[in-house]
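Student: Next up is a structure, given as structure tokens.
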Amino acid sequence: MDWLTILGISVALAMDAFAVALAAGAVISPITGRHLFRLGFHFGLFQALMPIGGWLLGMTVQRWISAYDHWIAFGLLVFVGGRMVHEAFEDDEDKTPSDPTKGMTMVMLSVATSIDAFAVGLSIAMLGVSVWLPATVIGLVAGVLTVAGMLMGRRLGEKWGKRVEICGGLVLCLIGLKILLEHTLLK
């Protein structure tokens, strides 16, 4: 697999992570280096590990995984996005915004944004190509674009406030819907 192909796949896979990071950056105030590291590291790590997992499992479970992966991603993204929209409408004095770079929220977002990378790993296995270089590049690109998305999201959050939090939640829901439609109606 040539470098241009690997880079193209990496950027395409990182787009969901970038969009989620944009939404996360809009709701975290102030964003610290810890936030950037946690989300960038975990999104990059999951994006790198999923193709390896797909490659290792190969064709043995492809039918089972492909039947449910889109539902898992849809459910996770709609849950987190819905919670963001709900929190945007809560009273400010009662509100302690949840940090999407911590705990189960971070894990759910990491899994949801990297499920497509698992399918790429299955494809790489079918090609008989080593997964190690593509997985490394996929992880690095996802990590860098996640940090860039958070920084851009912070600027939007400072300027537009709650509207960006609502939009961010809706974007997560729409990404989930897009994944679901791509794997069901548009197949």
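Cβ atoms are placed via backbone N, Cα and C, with glycine included.
Okay, these came from Swiss-Prot:
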- 3-23: transmembrane segment (TRANSMEM)
- 39-59: transmembrane segment (TRANSMEM)
- 65-85: transmembrane segment (TRANSMEM)
- 103-123: transmembrane segment (TRANSMEM)
- 124-144: transmembrane segment (TRANSMEM)
- 166-186: transmembrane segment (TRANSMEM)
Student: Out of 3-23, 65-85, 166-186, what stretch is closest in contact terms to the transmembrane segment (39-59), meaning most Cβ pairs under 8 angstroms?
Tutor: 3-23
Student: Residue list, the transmembrane segment (166-186) vs rest of chain: Cβ under 8 Å, 6 or more residues beyond ends.
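Tutor: Sequence-remote neighbours of the transmembrane segment (166-186) are 16, 19-20, 22-24, 26-27, 66, 69-71, 73-78, 80-86, 88-89, 112, 115-116, 153, 160.
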